[in-house]
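Database features (TrEMBL):
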SIGNAL    1-29  signal peptide
DISULFID  Cys73-Cys405  disulfide bond
DISULFID  Cys271-Cys285  disulfide bond
Amino acid sequence: MFPGPLPTNGFLAAALGLLLTHMSCSSLAVQDIPPIAAYFGTKTRYEEVNPHLLRDALSVRPSVLKPPSAERCSPVHLTAVIRHGSRYPTVKNIRRIQKLSELVRKEASRGSERWLQDVQTQWETWYTEDMDGQLVAKGREDLRQLARRLAVLFPSLLSEENLRRGRISFLSSSKHRCVSSVEAFQEGLRQHWDAHDVEYSHGVDDQLMRFFEHCRGYVEGVEKNRTALLEVEKFKHGEEMEGVRRRMAERLGLPHHRLTPDLVEAAFFLCSYELSIKSLHSPWCFLFDESDAKVLEYKSDLKQYWKRSHGHVISSLSSCPLFHHVFRTLDKAGRPRRLVTSQETPASILVGHAETLLPLLSLLGFYKDQTPPTASNYHSQHGRSFRTSQIVPYAANLLFVLYDCQRGPRLQLLINESPVRFPGLELEDAPLYRDVRATFRHLLDGCDFHSECEGRTGGRGPNTEL
Ligand SMILES: *[C@@H]1O[C@H](CO)[C@@H](O)[C@H](O)[C@H]1NC(C)=O
C-alpha cells in the first residue's frame, strides 16, 4: 500500500511534540520568574542584572575588559568592593511577614483564584527570628560563582600561586553575612584552582566597611534625623502608594484600612525572598503587577537616595576612609615594577553592604541625575539612572582594574561586571591612572574623615551644591 501521509504527520507531530515539550521545559526556568523580579531594589537577585547567568552561572565575557588594544596592557591589580550575597530577612521584616500572613489567612475573603488559595491554605511562614539577616545557601553560591568568574577574567591576579602564597588580601565587615560571603568567595577560588588545602583567612575592618556607623556627622545628620527621610515618608502615604495598597486590598478582598503601607511592602519583600532564597515564584507575587512594582521600587530608591547617596553630602563623605584605602592600594600597585616590594598585593577583596557601595559610588559621582527623586515627581523619574535594583542587587560589585600599559598605568571600573566610565572622564573606558587621580584630586587631597565626620554637625543639609 501506498503509505498515506498520516504516519509521517504522526511522526512529525510526535517529534514536534517532543520538541515543544523540550522547549517549554527549558524556557520554564525563564518563565517562572515573577515579572516583577527586576524591581526589588536592594533585594534584587544578581541574575536580574545579568540574566545571561541564568543560562550559565560561570559564563564570562572577556570583552568587558577594555584597555586600549594598541597599548599592550596587562592587568596588575584588582580591588573588588563586593556586597554580601542573598540573605534571610532581618527580624523587623520577619515580624511583618508573620503579621501579613496571619491577616491574610484570617481576614481575606476566600479566594476563587489559585494563587489566593495557595496563599491562604498552602503557604506557611517558615521564617524564624534567628535567621536575622544571615547569608543563605544561594548567597554563598552567589559569591562562589562570582569568585570563579573573576578568576577566569583575571587569571594572573587571582592565580593559584597568589592564592597559595596568601598575596590576595581579604577584608570583611564584621556582620555574619559578610564574613560568610568572604569565606564563600575564597571557597570559589579554591574550587577554581582545585586548591582545597589552602587555608581561609580574612581580616575584619568595620572602620572601612561600615564607615557609616562611625561617622558622627552622618549618624546625627541623617540616621537619627527625623526629617532627613521626609520624601520617603511623604511618598509612603502619597497617591501612588495608596493606589498600590488599594489594588492589593481588592485582590485580597480585605478592608482597605487593614493593610498598612508596611504590610504592602512586606508582601512585596516576601515575593522577593521566596525568589532569592528558594528560587520560587511565590503566590504572593500575584498581588502586584509591574506598575505596582515600579512604585514600590521607587519607594526603596527614594530611601537609598536620601539615606545613602546624593540626598545628603555627608552620606557620600562618610565613605572617605574606603575611598582613600582603595586609592592608596592602587597607588602602591601602580608603582614601577622594580620598586615593588614583597608586600605587593595583586588583588584586594573587600566585602561589605549595599550601604558600603552606594556612598562610595556617590562620592565618585555616579548616578547623579539632574533632578533629585522626590515624593512628588515619580512620573518624571522613569528614566532615572539611580535604580538600586540595577546598582546594588545581592553580590553587587565594583571592580577597580589597574593595567600596566605603554603610556603608564590605566584604570578601569566595572560595576556588576559591566564596564562604566568615570564621571568627568567619559571619553575612555580605561583612562590613564594619572588622569583619574587628577579628576578626583579634590577628594585625594581632602575627604578627611575626621573633619567631615567629627566637624560641625547639623550644618550639612540637602545636597544642593556638590
Ligand atoms: C536633618 O535633615 C534636614 C533635611 O535634609 C536638614 O535640613 C537638617 O539640617 C538636618 N538636621 C540635622 C540636625 O542635621
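For all residues, glycine too, the Cβ spot is worked out from N, Cα and C.
Any TrEMBL annotation is an automated prediction that lacks curation.
Here the features listed in TrEMBL are placed on the structure.
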| residue | record | DSSP (3 states) |
| --- | --- | --- |
| Cys73 | disulfide bond | coil |
| Cys271 | disulfide bond | helix |
| Cys285 | disulfide bond | helix |
| Cys405 | disulfide bond | strand |
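Separating the Cα atoms of Cys73 (disulfide bond) and Cys271 (disulfide bond) is a whole-number distance of 45 Å. Cys271 (disulfide bond) sits 47 Å from Cys405 (disulfide bond), taking the C-alpha atoms as the reference points. Looking at Cys405 (disulfide bond) and Cys285 (disulfide bond), their Cα atoms lie 50 Å from each other. Each of the disulfide-bonded residues Cys73, Cys285, Cys405 was scored by other CB atoms within 10 A of its CB, and the lowest score goes to Cys405.
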